[in-house]
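These features come from TrEMBL:
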REGION    1-103  region 'Disordered'
COMPBIAS  10-25  compositional bias 'Low complexity'
COMPBIAS  42-84  compositional bias 'Gly residues'
TRANSMEM  117-140  transmembrane segment
TRANSMEM  338-356  transmembrane segment
TRANSMEM  363-385  transmembrane segment
TRANSMEM  391-413  transmembrane segment
TRANSMEM  434-455  transmembrane segment
TRANSMEM  461-482  transmembrane segment
DOMAIN    746-904  domain 'SSD'
TRANSMEM  750-770  transmembrane segment
TRANSMEM  776-794  transmembrane segment
TRANSMEM  850-872  transmembrane segment
TRANSMEM  879-905  transmembrane segment
């Protein structure tokens with residue numbers, strides 16, 4: 001690259017004298033932009049290209065001169081007597097430093113990097129301050145949990161409408177609830193246990209600070225059968241206390257028959273015994289109360305339970321509620337962070353220290369990584385993009401790419417410095433050669449990330465990841481080289497030690513002897529090895545098509561084995577106390593239901609006032625699908641009809657109203673329904689409002705799901721019920737929303753993978769065609785990438801990792817990660833091949849030089865970010881494993897498979913001529 005050196009310091013002015021030596025180091029081959037140099041060199045009075053120098057006295061340049069007539073190297077001298085360098089350049093550009101990367105971006109930026117490095121550093125630090133302001137402003141806040149993935153669907157809209165109409169625990173009106181699970185291996189329905197429950201209920205309902213408005217337990221239901229006039233826990237306690245055992249047994253059987261006792265499935269009416277009971281507690285909280293307020297009430301309830309003789313929250317009592325669940329989810333993040341993040345930081349620092357082996361270089365690399373994070377967070381703030389679970393994965397990906405870029409820049413710079421090339425010239429050669437590769441990597445990665453814009457669910461991920469990778473390119477492609485030049489000039493001539501300055505993968509190093517194994521294989525059996533790897537890849541891809549897609553609340557919960565591992569750690573790393581695992585065990589084993597045990601059919605239709613409306617609600621529950629709990633003929637459900645039947649059984653006046661408007665005698669009113677609804681609202685306003693809106697336009701049916709039913713089966717059954725109704729009905733509820741997310745995740749993964757593949761191959765082919773005149777180079781790049789993606793898909797199934805909204809982008813993103821590795825190798829190979837015209841020798845130099853940097857990057861990323869596999873939260877754990885595997889496969893296929901691809905291509909061209917589909921762009 002030619003540039004005006006008149007204002008450069010003395011050290012820089014003397015750099016041109018040694019430029020020719022760079023061609024002998026094997027590291028200054030032709031840039032991808034070198035093929036454009038003949039055109040660029042003729043503009044203005046710049047240095048000449050190839051065999052001729054500039055017309056205005058500039059020195060000859062190996063590839064192309066700049067437009068300002070600076071000195072060059074690697075070619076013959078200028079036509080007007082300018083001094084030529086040692087080695088002669090060919091007509092299409094030799095190996096040199098001055099002309100490297102003579103594209104518009106590099107031509108403008110490289111002089112600034114070497115001439116005004118501290119100005120660049122200052123500008124980037126100033127921009128970092130601006131982005132830091134955006135990051136601290138918070139932007140659109142945070143989103144967490146499953147809700148962030150379920151929006152913008154018909155089921156979600158129905159769910160929102162239903163919540164607005166029926167959820168009395170809504171924050172605008174206040175209110176929340178909790179459940180206590182009481183365990184007694186002898187009999188939780190014994191008189192003593194029933195009295196304990198009622199004593200507990202009396203204590204919490206009379207404690208004003210707890211704001212308890214009601215509570216229900218097996219004991220209160222049994223007491224109501226013994227004495228219907230007993231309405232308070234104190235009165236119910238007396239009713240149970242004075243009852244005989246026979247009376248208790250009869251009351252227990254009757255209560256279960258009429259109301260259904262909330263006890264474990266081992267209960268039988270004949271034995272009147274069970275092992276586990278539930279107590280439901282409802283609180284009257286202030287409007288707009290925070291989750292922390294709800295949780296405090298529930299924890300205070302737990303403390304009060306410990307004061308009851310025979311109740312012990314460390315043994316036989318556990319409390320559970322949505323607020324506690326949210327608090328424990330945050331606690332999971334904290335317990336994960338205190339173990340995983342320090343481990344990740346230590347491992348990243350260790351491998352970066354091994355890769356850089358110099359405190360200045362290490363510091364620059366770390367500062368650049370931190371700046372990348374700040375810029376990305378700042379962009380999110382300015383763009384009003386909320387931070388959510390799906391964006392957690394962006395930052396490890398940016399770290400992976402940033403680590404790779406940084407190690408490549410420093411390693412390539414050291415290759416030039418070891419040959420005696422001065423600081424500024426060495427960095428010009430480095431950035432001239434690598435900027436094009438980094439730019440190709442950046443744009444292809446932007447395509448792989450940006451492919452997620454097609455899905456509503458992953459759109460924010462695509463925007464943030466694509467922006468972040470552009471920031472990574474600018475920071476590591478401009479700021480890092482400028483900082484390196486600035487600091488090296490400061491310490492040049494001083495006694496400040498350099499510690500380690502040799503490049504990774506040099507011939508004398510261990511890596512230099514090990515990395516060429518792929519080249520040796522390619523020299524002996526390239527076709528056999530390549531075919532074998534392609535067969536393995538195709539098999540892995542076919543096997544990977546069987547990967548499951550899962551998503552529910554339990555996806556955020558660790559299993560018991562992982563919890564035990566964390567609990568065994570010493571303080572402060574040991575995990576805190578959690579209740580959700582105990583609650584899940586109770587629900588699944590004692591009550592035979594999941595955390596979400598029902599689906600909802602939401603009906604919003606003015607036709608609910610028509611005479612046949614209630615009969616249609618009843619018919620919807622007859623002969624239910626196998627996925628629903630039932631007595632064989634009718635689904636186990638809560639509906640408006642149940643409210644009518646319960647009130648008719650307890651209220652003779654309302655029973656008379658039902659009889660009056662029931663023409664068929666089946667106890668389901670079928671005429672003058674407005675009159676029935678009026679009477680029902682008057683007799684039981686709260687219970688009715690829980691099932692029907694006051695304008696009589698909406699109702700809901702909650703159907704219990706069979707414990708053995710799969711989520712998709714339950715959702716399909718609910719959808720079938722809704723579709724068969726003539727009323728306007730929609731299947732909704734958490735299970736339906738989760739299943740919707742699963743469908744979107746699958747569609748999103750397939751679509752983004754296809755789009756990323758198409759955009760990447762088109763871009764690579766066109767880029768190499770335009771820059772090198774060889775479109776085939778783009779195809780060669782992509783073969784190892786596709787193999788890496790196939791291996792990753794197969795590994796997902798091997799490790800039983802389902803697709804989820806968190807890891808859905810991983811397959812399309814893996815294309816970007818793969819291109820990151822193959823482009824560096826292919827770009828370096830093209831340079832070395834043009835210089836040597838010996839395929840095997842060019843591959844050997846490439847793998848030893850660039851392969852060393854790739855290996856350092858791979859080890860740092862795999863070990864530093866793969867430590868996420870130690871996380872408590874399964875979604876993060878799985879993503880850590882997939883990220884580590886994706887990076888490893890990208891490295892593996894680049895180092896081992898790409899050489900064989902190149903050799904096979906070379907043999908085909910030797911036999912059939914150049915493999916091109918359209919004329920060279922550089923002709």
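In case you wondered, yes, glycine gets a Cβ from its N, Cα and C as well.
What you see is a predicted model, and the numbers here were worked out from it, not measured in a lab.
Contact between the transmembrane segment (850-872) and the transmembrane segment (117-140) is absent: fewer than three CB pairs lie under 8 Å, with pairs separated by 6 or more positions in sequence.
It is 363-385 that, among the stretches 363-385, 391-413, 750-770, 879-905, forms the most Cβ pairs under 8 Å with the transmembrane segment (117-140). For the transmembrane segment (363-385), the residues of the chain that approach it from at least six positions outside its boundaries are 124, 127-128, 130-140, 349, 352, 356, 391, 394-395, 398-399, 402-403, 406-407, 410, 460, 463-464, 467-468, 471-472, 475-476, 479-480, 483-484, 487, judged by C-beta separation under 8 angstroms. Counting Cβ pairs under 8 Å that are 6 or more residues apart, the transmembrane segment (391-413) and the transmembrane segment (461-482) reach 3 or more and are in contact. Here the transmembrane segment (750-770) does not lie next to the transmembrane segment (338-356) in space: the count of CB pairs under 8 Å, restricted to residues six or more apart, is fewer than 3. Listed as Cβ neighbours of the transmembrane segment (338-356) (distance under 8 Å, sequence separation of 6 or more from its ends, same chain) are residues 362, 365-366, 399, 403, 407, 410-411, 500, 504, 566, 569, 572-573, 853, 856-857, 859-860, 863-865, 867-868, 870-871, 876. Note on the transmembrane segment (461-482): residues 109, 112-113, 117-118, 120-121, 124, 364-365, 368, 371-372, 375-376, 379-380, 383, 385, 390-391, 393-395, 397-398, 401-402, 405-406, 409-410, 413, 427, 430-431, 434-435, 438-439, 441-442, 445-446, 449-453, 752, 809, 813, 816 of its chain, located 6 or more positions outside it, place their CB under 8 angstroms from a CB of the stretch. Sequence-distant neighbours of the transmembrane segment (776-794) (same chain, 6+ residues past either end, Cβ-Cβ under 8 Å): 533-534, 536-541, 543-545, 547, 753, 757, 760-761, 763-769, 810-811, 814-815, 817-819, 821-823, 826, 830, 882, 885-886, 889-890, 892-894, 897-898, 901-902, 905, 914-916.
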